Amino acid sequence: MTKRFALGVFDDEDILLHAIDNIRSAGVKIYDVFSPYPVHGIDDALGIERSRLPIAAFFYGLCGLSFALWLQIYTLGFDWPMIIGGKPQIGLPAFIPVSFELTVFFTCHGMVITFYTITGLYPRFKTPVMDVRSTDDKFVMAIELDETSSAMPKLTQLLRENGASEVNQKEMTKK
Amino acid sequence: MATLTQQESATAERLVVTDGARKIFLTIIIAGVVLLVAGVLAAIFHWGAASEATGTVAHQAGSPLWLKRIIVSLWHSNLFILGISAVGTVFVAINYVAYAGWSVIVKRIAEAFSVWLIPGAIIMFVVFLLGRHDIFDWTREGVMTKGSATYDRIIAGKSGFLSTPFYLIRMVSYLVIWWAFSWKLRKLSLEEDLNGGTQYFHTSVTTAALFLVLYAVTSSMSAWDWIMSVDVHWFSTMFGWYVFASWWVSGIAGITLTAIFLKQNGYLRFLNANHLHDLGKLMFGFSIFWTYVWFSQFMLIWYANLPEEAVYFNQRLGGFNGQYTAIFFFNIVINFFFPFLALMTRDAKRQMIVLKIACIAILVGHWSDFYLMLMPGTMRGENGFLIEIGVAAIFLGSFLLLMTRRLSEASLIPMNHPFVEESIHHTT
């Protein structure tokens, strides 16, 4: 599916932050903002909700911990019991390092995979980029245009008034 | 160079310790004294079920039981608060060396903590000189003389390090180093308030770096001297770090708790959830660090199961008719599981009530951690709680009295620190 975007290009992060406030209060929905580096306070300005990734991380950790405990208790306690150093076959203190490592392993891999899937930033051959200069020294604000709309001139004016150095239009193929 | 007076500075604010606050601190002390007296009477007249058992056990040589308990708990609570006191300076020093801006707002609290170094040092000397035979086995008469009835070959082998004069020399050096650097950093900070300019900041960074190097060595060695030598036959290479972790996380909990109390009484108007969030993160992180060190020590000893090492945990897990088993598990729950689960989410670290509960839990927890380090080696199975909690309350009240007085001597927020502005606008 092809979507059309109005792209406002900004040179300065302070101007950008003010522009975000003004444009949002003018009732325009901002699709996303692309910047070469993390800008302080931009999440709040764009009204982005706090990520629920930490909650997912907790459950990945819980999975890792359960898997690690199951692995050790089942293999060392039931499937192939061995006496090591005269310790009980299910000697929990000895299981803690492995449980810790697997908890961390599951948490970090789960988080990375979830993050890539949700944001669409996973590695691939052709990466859709709104404007390549947003990886260098420009801030790019994308506003989605609906198909029938003839809002482009009005948007151009709004972006210009709020300090955009240029305004472009771009079609992107998105799922 | 601009000179700002109290009135001209936009960030300056003064703490006024009200009579009401002083009354609360005095009440804590009085409650401590009452508990102490009750505990002493209970110990003398063998009240309660626990003392039935001790009546049958032949009491070891040394002071009468109640006196021995007072001496040990003086050593115990003083060590705990002295450590927190030194951690105040360590906190300031680390933030200087890291060029950290966010912590400037709570810097004065950390500075005020070091007020206990002098009274703590005096108490430590008095207790050591008068009561060392009740705390340290290696100071007993004849324990290092060949042929005497109490001769102990293992202790005699450590006579080079554990001799009273050398011990006192070390004790003086640790305390003088800690006090001198605390004094110097405090002095620089106060002069900066008056004169401004960045030269105080740069001098502080150098001083702080030097202090941290010295503290790394002295904190570890003081842990061997003051705590590990109680269990004189036993040794652990993790012990210095273990004690430091305990002091450090308690110190951060203390700083956070003080900041929250000040905030709730209308002071520190620039302190917000972002600063508390960072303090909460430190508490969370170092609770895990403490557990890591604790567990590293425990697991190696548990796994290798060498008698001379395992005796330490034998005494604490099931030894002395299981006297210490409950507090052993309580220690892990309150110092690890509770802060770990309570402080895990972002929202928890930004809410005063959760942080406050976690701070109190950590402080109580690490006080019991020190209890667990000292009591089995000194009191054997004759430990108790009334006297110990009484003494701890007396120390807490006195510490709060002195600390708040020190806090009211200067502006609560440093006036000319180069990072004040950054700290006020801190966001996480």
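In case you wondered, yes, glycine gets a Cβ from its N, Cα and C as well.
What TrEMBL lists as transmembrane segment is B:24-50, B:70-97, B:109-130, B:167-185, B:205-227, B:239-262, B:282-304, B:324-344, B:353-373, B:385-403.
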Cβ contacts under 8 Å made by the transmembrane segment (B:70-97) with residues that lie 6+ beyond its boundaries: 36, 40, 63, 103-104, 107, 109-117, 120-121, 123-124, 127-128, 130-131, 134-135, 178, 181-182, 185, 189, 201, 204-205, 207-209, 211-212, 215, 219, 226-227, 243, 246-248, 250-252, 254-255, 366-367, 370-371, 374-375, 378-379, 387-388, 391-392, 394-396, 399
Remote residues contacting the transmembrane segment (B:385-403) - C-beta distance under 8 A, at least 6 residues beyond either end: 22, 25-29, 31-40, 42-43, 66, 69-70, 73-74, 76-78, 80-81, 85, 112-113, 115-116, 119, 258, 367, 371
Recorded stretches the transmembrane segment (B:239-262) and the transmembrane segment (B:24-50) touching, at least 3 CB pairs under 8 Å: no
Distal contacts, the transmembrane segment (B:324-344) - CB-CB under 8 A, six or more residues away: 249, 280, 283-284, 287-288, 290-291, 294, 315-318, 354-355, 357-358, 361-362, 364-366, 368-369, 371-372, 375-376, 383
